[in-house]
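*Asks:* Just passing along the structure, written as structure tokens.
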Amino acid sequence: MSRDKNAEEITLLGKKKVNYHYDYCPEILETFQNKHPENDYWVKFNCPEFTALCPITGQPDYATIYISYVPGERMVESKSLKLYLVSFRNHGDFHEDVVNVIMKDLIKLMDPKYIEVWGKFLPRGGISIDPYANYGRPGTKYEQLAWHRFEEHDLVAMDKVDNR
């Protein structure tokens with residue numbers, strides 16, 4: 001079996017010993033070349049065990065983080081994404097900030113055509129917060145897609161995606 005040239009760009013996948021970062025570490029993210037940049041297709045991640053800390057109380061906030069994107073030239077490597085999301089474990093930020101930070105880090109990393117990040121946080125104090133952020137590459141049809149998906153976001157039946 002020949003080794004894919006993309007594999008040379010990946011340093012974390014396949015490693016038996018991995019150093020976990022428990023404070024915010026965007027530098028851990030890795031990308032690889034998209035072999036089909038001419039195609040529009042979705043890549044979706046679901047992280048049901050996300051943890052961050054409340055910046056005021058230090059109490060843990062648990063969430064499922066959903067990331068969906070239409071890749072451009074680069075794609076995020078899934079193990080590095082997992083380790084990146086784990087790095088929020090001791091990081092203090094509000095729910096809304098966490099979702100926007102994740103989205104902005106991934107935009108900076110891969111320059112996707114389109115991306116959306118949705119955090120479904122477990123209730124604390126009797127209320128849950130479910131921030132949603134998205135981005136479409138400016139001046140393209142993806143910018144219009146971002147606005148359309150943003151407008152329609154709360155029209156999606158939330159009970160179809162629920163782990164609470």
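Cβ atoms are placed via backbone N, Cα and C, with glycine included.
Just lifted these from TrEMBL, have a look:
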ACT_SITE  CYS54  active site, thioimide intermediate
ACT_SITE  ASP61  active site, proton donor
BINDING   VAL76, GLU77, SER78, HIS95, GLU96  substrate binding site
*Asks:* Taking Cα-Cα distance, which of the recorded positions ASP61, VAL76, SER78, HIS95 are within 10 Å of CYS54 (active site, thioimide intermediate)?
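*Replies:* Correct set: ASP61, HIS95.
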*Asks:* Please report how many Å separate the Cα atom of HIS95 (substrate binding site) from that of ASP61 (active site, proton donor), as a whole number.
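*Replies:* Distance between the two Cα atoms comes out at 8 Å.
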*Asks:* Looking at Cβ-Cβ distances, which residues of the chain lie under 8 angstroms from VAL76 (substrate binding site) while being 6 or more apart from it?
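*Replies:* VAL76 (substrate binding site) has long-range Cβ partners LEU29, GLU30, THR31, LEU106, LEU109, MET110.
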*Asks:* Please state how far apart, in Å and to a whole number, the two most distant Cα atoms are among VAL76, GLU77, SER78, HIS95, GLU96, the recorded substrate-binding residues.
*Replies:* 24
*Asks:* Helix, strand or coil for CYS54 (active site, thioimide intermediate)? Use DSSP.
*Replies:* coil
*Asks:* Including all protein chains displayed, how many Cβ atoms other than that of ASP61 (active site, proton donor) lie within 10 Å of its Cβ?
*Replies:* 22
*Asks:* Specify the nearest of the binding-site residues GLU77, SER78, GLU96 to ASP61 (active site, proton donor), where nearness means the distance between Cα atoms.
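*Replies:* When the Cα distances are compared, GLU96 comes out closest.
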*Asks:* Let me know how many other Cβ atoms fall within 10 Å of the Cβ of GLU96 (substrate binding site).
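*Replies:* I get 15 for this one.
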*Asks:* Near the Cβ of the residue listed as 'active site, thioimide intermediate', how many other Cβ atoms are there if near means within 10 Å?
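*Replies:* Counting Cβ neighbours of the residue listed as 'active site, thioimide intermediate' within 10 Å gives 14.
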*Asks:* Under DSSP, is VAL76 (substrate binding site) helix, strand or coil?
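*Replies:* In three-state terms, VAL76 (substrate binding site) counts as strand.
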